[in-house]
Amino acid sequence: MKLHRHFQRTVILLATFCMVSIIISAYYLYNGYKQENELSEMALEVDCGDLQHLPYRLMEVKPAKLSDASRTDTTVLVFVESQYSSLGQDIIMILESSRFQYHIEIAPGKGDLPALTEKSRGKYILIVYENILKYINMDAWNRSLLDKYCVEYGVGVIGFHRTSEKSLQSFQLKGFPFSVYGNLAVKDCCINPHSPLLHMTKSSKLEKGSLPGTDWTVFQINHSAYQPVIFAKVKTPENLSPPISKGAFYATVIHDLGLHDGIQRVLFGNNLNFWLHKLIFIDAVSFLSGKRLTLSLDRYILVDIDDIFVGKEGTRMNTNDVKALLDTQNLLRAQITNFTFNLGFSGKFYHTGTEEEDEGDDRLLGSVEEFWWFPHMWSHMQPHLFHNESSLVEQMILNKKFALEHGIPTDMGYAVAPHHSGVYPVHVQLYEAWKKVWNIRITSTEEYPHLKPARYRRGFIHKNIMVLPRQTCGLFTHTIFYKEYPGGPKELDKSIQGGELFFTVVLNPISIFMTHLSNYGNDRLGLYTFVNLANFVQSWTNLRLQTLPPVQLAHKYFELFPDQKDPLWQNPCDDKRHRDIWSKEKTCDRLPKFLVIGPQKTGTTALYLFLVMHPSILSNSPSPKTFEEVQFFNRNNYHRGIDWYMDFFPVPSNVTTDFLFEKSANYFHSEEAPKRAASLVPKAKIITILIDPSDRAYSWYQHQRSHEDPAALKFSFYEVISAGPRAPSELRALQKRCLVPGWYASHIERWLVYFPPFQLLIIDGQQLRTDPATVMDEVQKFLGVSPHYNYSEALTFDSHKGFWCQLLEEGKTKCLGKSKGRKYPPMDPDSRAFLSSYYRDHNVELSKLLHRLGQPLPSWLRQELQKEGKKTLNLKLLAKTEFPHSTLTHIHGSSIAMDKMNMITSLSSESASGKSCSFYKVFNIQYGYLLYKTEVQRIYALLSPLKKRKSRMLRPRCALSRVNSSSGDAVDHKLWGSGQQRKCSHTHEKASPARSCCLLLICVQIRAARLSTMSTNTPKRSDSRKTKQNN
């Protein structure tokens, strides 16, 4: 019986074992089959170090070698969907924060690219597409041109794949050997440590958790020419065809190594909302630009603690808080070299807390040597409230006395004003008091030029005090409890871990952070913030964090950014925060409403006299040092500040009707004046006077002779204007002052960069001299001043003086001084001829500029162009004549420069947008396109064989074509006498269907001209569409 039972047990055990074996075998058999058909699923806890489990080839692969990037300018070309798109703004934010130059273009659906080269040099070092599909789906012609440019100049491409609700969930990118899955939610990402892109970014542990958004794109690549940069797991892989594995890693950023076509690309599967994408984007810009657009890995951090001893009871530090401060400082020194907290004190509030807080004050003073110290105001009052320097000095002396009594160092050279009052906008009394009492050499503010956006904050130097930009870190006097943080604790953590605070450190080589005493008591959010920030930066980046004492930090800052030394003053009344910290005794009403900018020797003094005759127009008081003119915007007077400038102007009795103005004739040709003026008085109107530049140069030379300038007395006028580069320096200086102000178009264009055309009035100096009343009526209308003043009755011609003067009572006149209106001997013919040739191109450019602005040509300019026109070819015949391609080639190579050919092309297309399609209008002399005499002769010589071949004169033709809004039509031009045809294609983006276009055969290579400096092997455009002709 026992044996039978034993046998039964044995059978049951064997059966159980067999069943378990079958189940286990089935499990492994099933999983083995699955692995043969799908990518390996990885454990949820896989670490980024377990690279052998990732479904990609991650061995180090050398990318295609970038060409010599020094052949391009360091400008990034950014194609955006619109100027308001969110991703486009994020891209621009990073480029601006990194201080990289960029140029924005709206990505064309179809149509031409912007010019990519200029004078055999590439204009862009990197191409960025907000929507990579605009690049992929570009028409073959433009794609070929762009790719050719990228290969030849070693330019890379960065693109972002954007999905929408209508996007396919899985598809193949045209021209790329990988699959794309879109509209996905992803989680748990990590970085490929073998990626050559990594510079600032460090490959760290797995970043667990869901990534923001459900519109992610992932890439499935099986090609050695492409390398993943960031991986993530797909959360919802259902209903995808072909299916993908849940839990498997897929690339969200890939690097095209350029092994296929020589172009390296970095493609992102989402926008820049995910912080790791921002880091990789920064590294991609660095890598693809050949390190020419790269950020240093050194970061300097200074943490200021304002308001030491200030604060209400219950918000201050006790002894335990001070101990924690010391311990944390030592802890941070392991991650931030030489880290030291910088404490700003207001001695008046010492021992004004609770008993425990007073003990905390004592503990701070007992640890004086452990920290750096700087003076706040004694009573924590805002300096702009003190209207005289002596009151500020008294306050500072009290604080210094307190420092000396308690052993606080007084030689750090750094100070911060409460609420940044008086630093910017500048309160001069503060700067002077700081230097007298504390010998301050550096301060900081968050207000220059404005608080927001923070990436625009800059430094400057004023009164020999270096002002550095200050950053906020999300901690203010009222943020003292973790659970009560605005928006919740997660907002603070988000800022630290890949958010605003993190990228403040990433994008700024020097950061001075503002914190307060209250942030280090209670929940000690200051310590929490910077400990976690240092840990996060160390975990995910290769940045080297360090701290320098304030003065050394300032020198480092201006060593990195020397262009920021000069301030750029702005109107304090245009920013509410600035008005709040600006003295109430000051007013913006003392700033001018218009400027007379010159140039010199064109009649600006006469205009000044006529203007001040008007009862509503007031001028500045004369400056005793600069020939009555203030000359604020163009000279070192600018560094005196706006208080000094406004002191020259009276307080208007009626702000609405009174017009203040300044006349400084040196502003016209100044490099700095337009930008400075636009910053301080952006709504001011600008008036300039133009006379014949030859006469202006001669007048200046005679003016210098009358002032006994040694060079003017020593050299003749012709010797001055024709002096070569090896001439004596004093001669070259005089030549520059004679000739350069006459480059009218160049100087006006500089002003138009900062002021819109409707704020600019150009006066004909010759008309001002002969008919001032008419000119002054025009000026009054331009300014909008009232009441209207009748200059016809107020001016009279003085035959003895030779110009118009103010008519006073009893028939008396008020004229300009003896130094004005001098009569000089006439200019010698050689000088006149030299200057006529010298200013020819400048006058041509001026005529085109005035036409573009819709302003009439001055009489002297019309006369000059007409005089030159007699020496030129009949441009109507040249424009309307069709030449064989060989002839055009000779013309291109022998005489007409490509830039002039481009100008002809642009003029012809401009004509197309008007009502007339006449080439006569395009080449009418008022447009100013003039060929030199030698060029005309060469073209005539080239035309002669054609004329001989035909017994009749060349008949003018103009080919017309309707241009559709969706595409540009090709126009067939019959070559004269050859019976052959050649196509000249010209595209007008977004042209109306009814728009007509007049085409020049002389620009038969329109497309090639766009990339004229590139290789002559420009790909030809294939266009089989039939087009209509209108001859």
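Keep in mind that glycine also has a Cβ here, set from the backbone N, Cα and C atoms.
Residues or ranges marked as active site, for sulfotransferase activity by TrEMBL: Lys601. Feature annotation from TrEMBL assigns 3'-phosphoadenylyl sulfate binding site to Ser699, Trp804, Lys820, Gly821, Arg822, Lys823, Tyr824. The annotation disulfide bond is assigned in TrEMBL to Cys805-Cys815. For 72-288, the entry in TrEMBL reads domain 'Heparan sulfate-N-deacetylase N-terminal'. According to TrEMBL, the domain 'Heparan sulphate-N-deacetylase deacetylase' annotation covers 298-502. The annotation domain 'Sulfotransferase' is assigned in TrEMBL to 592-841. The transmembrane segment annotation in TrEMBL covers 12-30.
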If you draw a 10 Å sphere on the Cβ of Trp804 (3'-phosphoadenylyl sulfate binding site), how many other Cβ atoms land inside? 24
Would you say which of the recorded positions Lys601, Lys823 has the most Cβ atoms within 10 Å of its own Cβ? Lys601
So of all those recorded positions, Lys601, Cys805, Cys815, which one's Cα sits nearest to Lys823 (3'-phosphoadenylyl sulfate binding site)? Lys601
Counting distance between Cα atoms, which of the recorded positions Lys601, Ser699, Trp804, Tyr824 is nearest Cys815 (disulfide bond)? Trp804
Return one of helix, strand or coil for the residue listed as 'active site, for sulfotransferase activity', based on DSSP. coil
Measuring Cα to Cα, how many angstrom lie between Tyr824 (3'-phosphoadenylyl sulfate binding site) and Cys805 (disulfide bond)? 20
Going by DSSP, is Tyr824 (3'-phosphoadenylyl sulfate binding site) sitting in a helix, a strand, or coil? coil
Out of the recorded positions listed (Ser699, Trp804, Cys805), which are within 10 Å of the residue listed as 'active site, for sulfotransferase activity', Cα to Cα? Ser699
Listed in sequence order, the residues of the same chain lying six or more positions from Cys805 (disulfide bond) whose CB sits under 8 Å from its CB are Leu795, Thr796, Phe797, Asp798, Thr813, Lys814, Cys815, Leu816
Which residues, sitting 6 or more apart from Ser699 (3'-phosphoadenylyl sulfate binding site) on the same chain, put a CB under 8 Å from its CB? Lys601, Tyr824
By the DSSP assignment reduced to helix, strand and coil, which category contains Cys815 (disulfide bond)? coil
